[in-house]
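**Q** Quick paste of what TrEMBL says about this protein:
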TRANSMEM  A:12-31  transmembrane segment
TRANSMEM  A:74-101  transmembrane segment
DOMAIN    A:75-290  domain 'ABC transmembrane type-1'
TRANSMEM  A:121-146  transmembrane segment
TRANSMEM  A:176-197  transmembrane segment
TRANSMEM  A:209-227  transmembrane segment
TRANSMEM  A:269-290  transmembrane segment
Amino acid sequence: MGKAWTAAWKHRALYLMMLPGLAYFVTYKYGPMYGAIIAFKDYNVAQGMMGSAWADPWYKHFLYFYRSPYFSSLLWNTFLISLYKLVWGMLPGIALAIMLFEIGNRTFKRWVQTISYLPHFLSWVIVYGMVMAFLSESTGLINMWLQEWFGFKIGFLTSTDYFRSILVGTDLWKDLGWSAIIYLAAISGVSPALFEAATVDGAGRLRKIWHVTLPGIRNVIVLLLILRLGHMLDAGFDQIYIMYNIHVYPVADIIDTWVFRTGLEQFNFSMASAVGLFKSIIGFALVLAANRVAKLWGENIW
Amino acid sequence: MVKTGMVDRLVLSFIYGTLILLSLSVLFPIFYVVAVSLTPFEEVLRNGGFIVVPRAITWEAYRIFLTNDRIPDAYQVTFIITVAGTLINLVLTALLAYPLSKPRLPGRKIFLLLIVFTMLFNGGIIPTYLIVKATGLLNTLWAMMIPNAVSAFNLLIMKTFYENLPESLDEAAKIDGAGEVRTLVQIVLPLSMPIMATIGLFYSVGHWNEFFQAIMYVSDTAKFPLQVVLRGILSRSQSVEELSLEETMPTESLQMAAVILTAVPIIVVYPFIQKHFTQGVLLGSIKG
């Protein structure tokens with residue numbers, strides 16, 4: 001014990017450095033974890049987090065959520081939007097990386113990269129502005145064209161038929177280039193000797209892509225897939241909150257947006273906390289499972 | 001052989017074609033938004049709506065916004081939280097990452113575990129809101145800087161960078177009689193400028209695009225950052241209509257001018273710093 005203290009005392013300058021950062025984590029990360037107990041209480045502003053009475057039964061809010069019609073629709077929307085984004089987020093990114101790798105003209109390649117990475121840095125509000133410019137029912141460009149050629153308009157942004165596609169499409173537009181970076185790096189790591197050997201064997205571009213490039217980055221693809229599966233419950237709060245409206249709630253309302261409205265617009269703190277906690281726990285399990293699978297996969301390869 | 005060559009050339013032209021289309025699909029929306037923002041009312045009347053290349057343009061929409069307080073005020077808020085917020089991020093992240101990069105530090109594993117755990121599990125947005133409220137940050141600019149002061153992910157990247165600095169630096173500093181703080185400030189920091197720049201850029205883009213924390217914790221409209229003000233302009237057209245009382249500009253032109261005003265700083269600065277971002281992703285992927 002004495003020895004441990006001496007060792008720690010010797011490093012007091014380092015501990016002192018860590019103090020502000022640790023204080024941050026304790027207050028704003030661990031504080032809310034403790035605060036999540038209000039999911040089991042009937043939170044009341046006057047009595048506060050500690051003073052509010054326990055819910056009776058303790059799982060009251062969870063049960064209410066489970067029995068409410070929101071339960072299945074929120075879970076379904078969250079899952080479906082995540083799944084679409086996963087597919088449309090990964091496959092085009094892989095394709096773009098392969099195409100960038102195939103072309104020889106370096107200047108052209110750099111231009112395409114610079115342009116395609118750009119939308120990643122634009123905020124969702126800006127993207128929403130652009131979406132309005134094209135899809136708005138009154139003045140959007142697409143609707144102008146539809147009106148001119150076919151004589152009708154479509155209220156894309158208020159239509160339950162189109163809204164999810166808009167979410168997925170804008171997500172693709174924003175992050176396509178960005179998602180290619182990591183695959184491109186992986187392809188660059190494939191041994192050039194393999195490509196040369198394939199060329200000697202008379203393989204054309206397509207064959208080389210199929211037999212050398214894709215197998216070469218298979219591990220990276222699987223790893224990223226697994227990690228993204230771990231975040232299936234994060235369907236993108238900012239994007240949806242910024243773009244949705246009451247007409248599309250049935251197809252666009254996800255757990256996070258519902259928690260936000262229930263908690264901060266209707267002030268039903270306990271209910272919202274219970275649903276938030278439910279999401280955190282499932283999310284935690286998913287991430288742990290994903291990491292476990294990723295490790296197993298890693299061991300199988302190396 | 002000849003056949004393979006033909007197919008190859010076809011594939012290559014397909015690739016070039018696709019990449020050109022892709023680039024246009026990024027550039028065209030930006031171009032069109034600019035075009036709308038410059039379209040005067042008489043053009044809309046003449047064409048029965050907006051067209052891609054208006055024959056007459058006007059800067060009126062920009063003049064209206066820049067002489068009206070709303071956007072300049074929001075710019076100020078966003079500027080403050082971007083500069084001060086990034087500074088806070090970098091100082092706290094570095095001060096935490098440096099000690100954690102020392103294997104000799106007693107208790108290092110436990111601290112790391114506690115930090116990594118916050119990446120996997122969180123209390124949820126409502127309890128976080130209540131903590132922000134309890135610490136008195138509601139409705140202050142701090143609410144957009146403090147509750148996300150350290151990203152555990154960036155912290156781990158920075159820690160890895162410090163770990164890869166040669167051990168001998170530390171020893172040389174010891175022999176010279178430099179304490180831990182002096183070693184960090186005078187020796188380690190100058191060497192870590194590239195990583196500080198990369199991580200600082202990621203933090204600052206996050207602040208420039210701040211939206212979530214602002215709608216969660218700030219209700220005083222005078223403290224709204226740019227993105228929240230823009231969202232208001234886009235979703236409630238009457239808030240813009242009152243700006244152009246004489247009907248000189250269509251509402252949509254004003255809305256798109258606001259979009260461009262918000263996007264311009266990013267679009268202008270981005271090409272010069274793109275390289276740092278790409279490096280950042282690769283650093284992160286090695287870690288993750």
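Keep in mind that glycine also has a Cβ here, set from the backbone N, Cα and C atoms.
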**Q** At an 8 Å Cβ cut-off, counting only pairs 6 or more apart in sequence, do the transmembrane segment (A:74-101) and the transmembrane segment (A:176-197) clear the bar of 3 or more pairs?
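**A** In this chain the transmembrane segment (A:74-101) contacts the transmembrane segment (A:176-197) - 3 or more Cβ pairs sit under 8 Å.
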**Q** Grab the same-chain neighbours of the transmembrane segment (A:269-290) for me: Cβ-Cβ under 8 Å, and only residues 6 or more beyond its ends, written as numbers and ranges.
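**A** Distal contacts: 35-36, 38-43, 52, 55, 61-62, 64-65, 226-227, 229-234, 255-256, 258-260, 262-263.
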**Q** Hey, which bits of the same chain come close to the transmembrane segment (A:209-227), Cβ under 8 Å, at least six residues off its ends?
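**A** Counting only partners 6 or more residues beyond its ends, the transmembrane segment (A:209-227) has Cβ contacts under 8 Å with 86, 90, 94, 97-98, 101-102, 182-183, 186-187, 189-190, 194-195, 198, 203, 290-291, 293-294, 297-298, 301.
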**Q** Using a Cβ-Cβ cut-off of under 8 Å, list the residues of the same chain that are 6+ residues beyond the ends of the transmembrane segment (A:12-31) and lie near it.
**A** none
